[in-house]
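These notes concern the structure reproduced below.
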């Protein structure tokens with residue numbers, strides 16, 4: 001006997017109120033699965049550049065290239 005057949009047989013022996021509770025629980029589980037699938041579909045990976053694009057150039061008076069380091073100027077030329 002399959003799980004569905006076993007569950008159906010056991011559910012038939014329950015009073016109608018309890019059958020409704022079983023049905024409500026099944027619908028609750030289905031809604032959880034649907035919600036998880038929706039959350040997974042909404043997450044799209046993006047690069048760091050795309051995520052930080054709004055902050056590009058927002059520092060006034062800073063160096064044009066943030067990769068520069070004044071403390072390392074002249075290093076290796078001696």
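Positions of Cβ are set from backbone N, Cα and C atoms, glycine also.
The structure displayed is predicted, hence computed values, not measured ones.
Some features that TrEMBL has for this protein:
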{"type": "DOMAIN", "residues": "9-39", "note": "domain 'DUF2281'"}
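Sorting each residue of the domain 'DUF2281' (9-39) by its DSSP state yields 28 helix, 0 strand, 3 coil. Taking the domain 'DUF2281' (9-39) as a whole, pLDDT averages 91 in the prediction.
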